[in-house]
Amino acid sequence: MFGTSVSALCLLFLLSVCTACYISNCPIGGKRSALAFPSRKCMACGPGDRGRCFGPNICCGEGMGCYVGSPEAAGCVEENYLPSPCEAGGRVCGSEEGRCAAPGICCDVEGCSIDQSCTEEDEAEYISQSVSSSHGHDLLMKLLNMISHTPPHRVHK
């Protein structure tokens, strides 16, 4: 009985001091170290570096829309190798990890979708800066249609 309680006590002690990270993509310093890094903007991308990376193959920006799987977004894969997390785009939309990327477009690391909440309030500035809202919406629909019918470009090494 005494041996069992000592073994249990030792096991509890080892578990309390164990700080191993069992997730394959843990940041340097462990799971909680990501909270210590200040938030930074994601890498610039696209024509003239006017956009921001939203995922390893997604580049979006004001006045240019989104590039998904194209050469303009190829540099975004480098974001995966940086040690600190980044924050892209405007406010949260769609899923919990989605962000407003352009007027009417919500993106997360996996892809983009049309989201009407991204055309309200903060994103209304994008529309007023570019063209009239009805023309901007037509252009957005054409761009999303092209993206959905175009196979992703592959970067050859």
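Note: Cβ is positioned from N, Cα and C throughout, glycine not excepted.
These figures come from a predicted structure and were not determined experimentally.
Summarising the annotation, Swiss-Prot assigns disulfide bond to Cys21-Cys26 (among others) and lists similarity to another entry as the type of evidence.
Per Swiss-Prot, disulfide bond is recorded for Cys42-Cys86 (among others), and the stated evidence type is similarity to another entry. Following the DSSP three-state reduction, the secondary structure of Cys86 (disulfide bond) is strand. In sequence order, Ser39, Arg40, Lys41, Cys42, Met43, Cys53, Glu79 are the residues of the chain that are 6 or more apart from Cys86 (disulfide bond) and have a CB within less than 8 Å of its CB.
According to Swiss-Prot, the feature disulfide bond maps to Cys45-Cys59 (among others). For the recorded site, Cys59 (disulfide bond), the DSSP three-state label reads strand. For Cys59 (disulfide bond), other Cβ atoms within 10 Å of its Cβ number 33.
Packing around Cys53 (disulfide bond) is summarised by its Cβ count: 27 other Cβ atoms lie within 10 angstroms of its Cβ, all protein chains included. Look at Swiss-Prot and you will find Cys53-Cys76 (among others) tagged as disulfide bond.
Take the CB of Cys66 (disulfide bond) and look out to 10 A: across all protein chains shown you find 24 other CB atoms. Under the heading disulfide bond, Swiss-Prot lists Cys60-Cys66 (among others).
Here Swiss-Prot flags Cys93-Cys106 (among others) as disulfide bond. Proximity of Cys106 (disulfide bond) to non-local residues of its own chain (separation of 6 or more, Cβ distance below 8 Å) is seen for Cys93, Gly94, Gly98, Arg99, Cys100, Cys112, Ser113, Ile114, Asp115, Ser117, Cys118, given in sequence order.
Around the Cβ of Cys118 (disulfide bond), 26 further Cβ atoms fall within 10 Å across all displayed protein chains. Classification of Cys118 (disulfide bond) by DSSP places it within a helix. Per Swiss-Prot, disulfide bond is recorded for Cys100-Cys118 (among others).
Under the heading disulfide bond, Swiss-Prot lists Cys107-Cys112 (among others), citing similarity to another entry as support. The Cβ neighbour count for Cys112 (disulfide bond), using a 10 Å radius and every protein chain shown, is 24. Classification of Cys112 (disulfide bond) by DSSP places it within a strand.
Swiss-Prot lists Gly29 with the feature glycine amide, giving similarity to another entry as the kind of evidence.
Per Swiss-Prot, signal peptide is recorded for 1-20, and the stated evidence type is similarity to another entry.
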> Other than its own, how many Cβ atoms are within 10 Å of the Cβ belonging to Cys76 (disulfide bond)?
Replying inline: 25
> In sequence order, which residues at least six apart in the same chain have a CB under 8 Å from the CB of Cys60 (disulfide bond)?
Replying inline: Gly46, Gly51, Arg52, Phe54, Cys66, Tyr67, Ala88, Gly89, Ala101, Ala102, Ile105, Cys107, Cys112
> Cys42, Cys45, Cys100, Cys107: which of these disulfide-bonded residues has the sparsest Cβ neighbourhood within 10 Å?
Replying inline: Cys42
